[in-house]
Amino acid sequence: MVGQATQALKMKQEYLGMVLPITITSIWWWSCLIRGVDASPQINLLNKGCSQYNATNLPDFYTNLNATFSDLKTQLNKNSTHFATAQQARGSDPVYAMVQCRNYLSAADCAACFAAAVSQIRNCSAANGARVIYDGCFLRYESAGFFDQTTLPGNVGLCSNKTASQATAFSAAAGKLLVDLQLATPKINGFFAATKNEVVTSGSGNETVYGVAQCAETISKTGCQDCLNVAYANLQSCLPDTDGRAVDAGCFLRYSSTSFFPDNQTTNIASFLKTGGNSRKKAIIIGVVVGGVGLLILIVGVLLYFKLSRKPEAARRGDILGATELQGPMNYKYKDLKSATKNFSEENKLGEGGFGDVYKGTLNNGKIVAVKKLAILQSDRAKANFVNEVKLISNVHHRNLIRLLGCCSKGPELLLIYEYMANNSLDRFIFGPKRGSLNWKQLNDIILGTARGLAYLHEEFHVCIIHRDIKTSNILLDDSFQPKIADFGLARLLPDDQTHLSTRFAGTLGYTAPEYAIHGQLSEKVDTYSYGVVVLEIISGQKSSEIKSDAMGEFLLEKAWKLYENGKHVELVDPNLDPNEYKPEDVKKIIEIALMCTQPSAAQRPTMSEVIVLLKSTSSVENRALTRPVFVDSDKRVKGDTSTSTASSTSNATVSVSQVSGR
Ligand SMILES: *[C@@H]1O[C@H](CO)[C@@H](O)[C@H](O)[C@H]1NC(C)=O
Ligand SMILES: *[C@@H]1O[C@H](CO)[C@@H](O)[C@H](O)[C@H]1NC(C)=O
Ligand SMILES: *[C@@H]1O[C@H](CO)[C@@H](O)[C@H](O)[C@H]1NC(C)=O
């Protein structure tokens, strides 16, 4: 019994995400319990959790969240009700919310409990789902409807870990009480019952056990029954502890040796326990006939029920009470990835990126993925970082950003698993074997989609993620040639001293903003700069780091600027493009936007959301005066030493930066 109780406490710790030593937790638990009995709103915390996914548009989300909370508050106040739901779906992030107070709370206590729950649940900040369960009430919100949910993984019994003095008699009385509550509550209008039962003891002194059961009012009678069945089973392991609470998505069941509701709130449940009186005779006859079969079915049923309702002891932290989208990144098994990629064979290799090699893998279920083997130093700190960053990256969802599906860490190896893009990367379509196969409309979509992906990373995700390595080989294309940016967030895995001008970045210096390449000054405008270079590459079909024989020995940026100055924009366009597909003024506009992005002063470059507006506007951007880019000059030295170069953001002078060729 003691073992069971310890187990239950351990589970509770796990559920509440506590890392405190067990003794401190016990003290905390008991102090809460004592406070819980005294304090009338009964705000001792039983369970809480936040979704690991954040809302995408925070202003929309907070507006909706605030509106639902105030709606719930109004309903509780106005109708003195103990249950309310509300929803708001303005904009991109809908919020569905539900509050329920135990019916024995006064209206004032219910309001107090709700207020406490709101302030607690706001700790989840931008999470798109969360819940708080107190003794007195619970509050939950999600990004999708959940009002019909009954029982979900993560349901749990919380035991007090203090054995009742008259263990056997107490267990018997509490067991009977719980059975009664479980049977009667679904039949009661409002799905709430509070009752008590005398503990029959041999000695002197009369003890009582108290209990309540409650279901969400939006579920069906059967749903309430199902949920309480599970709750009942969860509390079986608490007996003969003095207190037990079972929490689940659609119901709550509690017993205690201490009175925790006013005496005049007791429900008379006796009438709900009778089996229909006048059909009694019929029942007996039917009973005799089917009794034998029924008994058999019952036994099988009971066995099956217990088998099914026993949850694995170490329930996953991930999906507590269906806070719907709580999954973190999925952990893949190394041996599965090894066999999926044919032992990371050359044949399966898709490419060699700055952060490691990428392999095509076919998982056992037939799903095709891209597996990136990270080539990053393995300190303990890097590993701790890895877990956090992977969690962050896996929460980034945008149609122009590659989805991170999961990760794997085995010994020194860190692997990331991404969705697979059959069309590979943009560079192949611009400079590589498939050159000329994309039409003007497709190129335009890629230019706009890439801007959208970057704007999301910079401005809409709750953490500003600067990519730092935007280039055509990092822009992948899906089946319909929509762009998806790869490798975002990975620069955050690098130790601080490795982030700027490491060999990793030297390889793509042609894309790197001068202030970052030379001074290591990092801002989201570093990505704006690289984006501008990518746009020029897309339009011209020329690599930024390459001197084309037909040009006058100029790098792309210099060439683009000269043509712009002379009003000859159209000459920059890749001759492979059909001139009937594009209008000269569209070309002009895009080139001007690109040159705006590559201006030497970061402050003068537009943000990515401004870029989107400019791309979509029909008017020309001519009236903006552009500053001439700082030209990256040829390769006097190989790499590293940039100390002799100086770049002044106001100067228009050509600066010589060591240039390392593309690959
Ligand atoms: C929502 O409510 C919180 C707390 O009252 C407040 O700080 C925040 O500014 C509100 N947000 C919006 C968008 O109304
Ligand atoms: C969460 O919210 C409660 C109530 O506002 C506050 O007391 C507590 O310090 C907050 N932080 C955490 C980590 O729970
Ligand atoms: C129950 O008793 C309390 C005092 O103990 C009283 O304030 C309350 O009005 C009573 N409620 C009902 C429904 O009789």
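Even glycines carry a Cβ here, placed using N, Cα and C.
It should be emphasised that the depicted structure is a prediction, and the values quoted were computed from it without experimental measurement.
Here TrEMBL flags K373 as ATP binding site. According to TrEMBL, the compositional bias 'Low complexity' annotation covers 642-663. Taken from TrEMBL, the feature domain 'Gnk2-homologous' applies to 43-146, 152-260. Annotated domain 'Protein kinase' per TrEMBL: 344-631, in sequence order. Per TrEMBL, region 'Disordered' is recorded for 636-663. Annotated transmembrane segment per TrEMBL: 15-34, 283-306, in sequence order.
Other C-beta atoms found within 10 angstroms of the C-beta of the residue listed as 'ATP binding site' number 20, with every protein chain shown included. As a whole-number mean, the pLDDT of the domain 'Gnk2-homologous' (152-260) in this prediction is 92. Residue counts for the domain 'Gnk2-homologous' (152-260) under DSSP (helix as H, G, I; strand as E, B; rest coil) come to 37 helix, 34 strand, 38 coil. A strand conformation is recorded for the residue listed as 'ATP binding site' in the three-state DSSP classification. Mapped onto DSSP classes, the domain 'Gnk2-homologous' (43-146) shows 40 helix, 32 strand, 32 coil.
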